[in-house]
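Visitor: This is the structure I want to talk about, given as structure tokens.
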């Protein structure tokens, strides 16, 4: 059977009716009503599944911003408390690890774990890195950039995660 490969703009216009990646990042979120509708299931290939109707900030997908003055990572970790998170810097990388043991939720028992690793720009001041967790579960890791020619000082160290009482000011796009 021949399947035509469509241009990405065409794929986006069809939205949820076009098959998406093999895996997404929505583990343990439970089923929604549209997951059970047979007309939404993919008949093109058993290896594809429909993308879920969720916003980017609800998806657990991170956003990395690096502008002239600072480097920032936004990561949705709404299922984790600051005690469940470990953030450390090793050389030119920041590693974010989250793990919580099995606990009961609305759909049964669930345990979650993730590990993310990001390369830091060479001009980030590693002595001024900070990490905070907002009330709505958005982890913000940030650090100022230093002028070129100044040594950024690379070493391994843990970055404490502080809790904020206000929701995140992360962009919704």
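Glycine too: its Cβ is placed from the backbone N, Cα and C atoms.
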Visitor: Of the residues 66, 111, 148, 162, which is given the O-linked glycosylation site tag by Swiss-Prot?
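Guide: Per Swiss-Prot, the residue annotated as O-linked glycosylation site is 162.
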Visitor: Run through the region 'Important for oligomerization' (157-163) and tell me, per DSSP, how many residues are helix, strand and coil.
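Guide: Split by secondary structure, the region 'Important for oligomerization' (157-163) comes out as 0 helix, 6 strand, 1 coil.
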Visitor: Quick one: Cα separation, residue 88 (site 'Not glycated') versus residue 99 (N6-acetyllysine), in Å?
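Guide: With the alpha carbons as reference points, the distance is 15 Å.
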Visitor: Which one is it: of the recorded positions 70, 90, 145, 162, 166, whose Cα lies the shortest distance from the Cα of residue 102 (Zn(2+) 1 binding site)?
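Guide: Going through 70, 90, 145, 162, 166 one by one, the closest to residue 102 (Zn(2+) 1 binding site) is 162.
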Visitor: Nearest of the recorded positions to residue 99 (N6-acetyllysine) by CA-CA distance, picking from 70, 90, 145, 162, 166?
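Guide: Among 70, 90, 145, 162, 166, 162.
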Visitor: Please report the Cα separation of residue 90 (deamidated glutamine) and residue 100 (Zn(2+) 1 binding site) in Å, rounded to an integer.
Guide: 23
